[in-house]
């Protein structure tokens, strides 16, 4: 049944788009929050995302199970994070430079190993229909929610809880906020940095698996449109708070769906400009919240970009 | 349920025996034996570089002493690392806060525990903390991020943390350097009471004789790494302590004041600017500094002095109001500063007045490299720059490995002197300085104060911001107090009273 719901189609399409497009943003930004809260910045998550997409797709195709693919992407991501973490623990190595190198390396390796997997079709990740109560096809389409999205929400809440109420979470915050205090407590900051970066990489890898195994749902070299880089901006937008990352990811996802939504509602004039909405939004948010004289609130004290 | 706090036990005795520490050919600590009896409050005096921090670092296990040993409760104690020292009940409160600013006080306390649980049951921890606080003579708000606490509250929390961790011997490293006189008295009074109750033993590094006399039982003095005196405080006068600390070195006398104040050189009217967080504002309704006078701005750091300094140096935009120098608006450009002879020594001069990686020569020539007499030059003259730098380095006794060494390789005191050398050379009509003697030893302090006084006597207007009240009392003709971003008090030095200034620094207006 396909009924005409007029302009209601636009917000509905944006909602559906937000749910469908946001998981990679969410996972990468959660990984970045974890890394940045420990005081490092990993700009290489774009490369990790693309490599995660490739390795997840490849393993899912080989084994026939998308979950094996997700696991493989997480492992690959944590390896990338580990390399970044270990390299940056060497004296006088800059985390931003290493991040950019890791980004290029990740994409290069993914394209190299991914060539044979462009043609084959791997199984998709399962989705749950929360739109069964409605007869409207648009509602049903909008509320088809992937399991990974739900896992992402759980992970955001889990991280928030971890930072608040576990020893591990507090130690990560201590290291990120004051290396001196951490050393005085007998914690070795570089160890915490390394593991936080590795765990952050695993999140980014899972984000990549979502891209290749659900939406868009295939592996090719143009699979990422910079989600890994946008997520870094998103972390600043979310003020290093995992719950805020969830909302930020949804807003970005929604903005990304603006163009297609307008197109589907028949507004075709200049709609392609709306494809730029997430990027315009990023610029707008960063400009609006920046100041030459004020420090960013909530920023971890040891972070190299905000120091 | 494991009790997070050990019940208060007895204070412990700590003794060092022939403690010696060599770094290569340099002997930082030479055969030092000090005994600190249980429940006593022991002061450790000495100039910068006298070996005080080397001694406590050996005791706390940061360094391994070349020879000598330490006894805890008369038993030999090995401290290969700080953890071992902690296990023996030894704890240290550092000069710089080691609390984590974005964590709350409660989170700071719990995370500092070695046996902090994996998953923190905040309800239980809070109950345990409340019970602990109830037994303490002072308390701090537990649920605010440490960032929001005042310096006095932070210092109290540092001490509470040590007690919470069950430490019985505390080393306090200049614990009152960031506190108002009132806060210092409160904190030290409580510490003293804990000592008298036999709960802790304290060793305090300090250079404030007043605190030694008021709170310590015994004092040990280090000079050039050697123990040169150990006595009961009741047997010593301030003059005795100074003599033991300084040896035979002569201090230059404070320079005499000459001349009368002239016309206003600097005047601020209705100046407003927002601080780093953007939440608070500094508001200076009226501030005038006249030629030939020193105006001292007292206050605890973080009450707007840094913002005022940044407004005057042009690092922070002025929200409203005006700054005038010699009757004309002043925008703090390099050109204006040169024409109007305005010179600065900001706080943290390495970052605010230097390019850390450029050489000493280049840094010293920042004001003059492009000038040729009164005209401009396009090609720099390396020879002239070197000559000028060599003269100033010798004249201001800057100790640098070479003139080509990067500025960042100099010690803090030497950076201070190099910047002063640059800023005090040539004609100076307005001098804006912040904590000029921070971290310098006695001789250097006396020398720098004499230079400031000489500039004043030469007709310069001097705005001196300092956290050291003694410095302001010595140099200023007029004293102001900044509190919460405003000028809370203003008096000529003759009418100013320390107690009254202290109250205003603490934010109480009597």
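Cβ atoms here come from the backbone N, Cα and C positions, even for glycine.
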Transmembrane segment range according to TrEMBL, out of A:96-114, A:115-133: A:96-114
TrEMBL annotation (transmembrane segment) - matching range among A:43-61, A:176-194: A:43-61
Stretch in A:6-31, A:43-61, A:67-89 most in contact with the transmembrane segment (A:96-114), if contact is a CB pair under 8 A: A:43-61
Maximum Cβ pairs under 8 Å to the transmembrane segment (A:43-61) - stretch from the list A:6-31, A:67-89, A:141-163, A:195-217: A:195-217
Cβ-Cβ under 8 Å with the transmembrane segment (A:67-89): same-chain residues at least 6 beyond its ends: 31, 35, 40, 42, 44, 47-48, 51-53, 55-61, 95, 98-99, 102, 106, 122, 125, 148, 190, 193-206, 208-209, 212-213
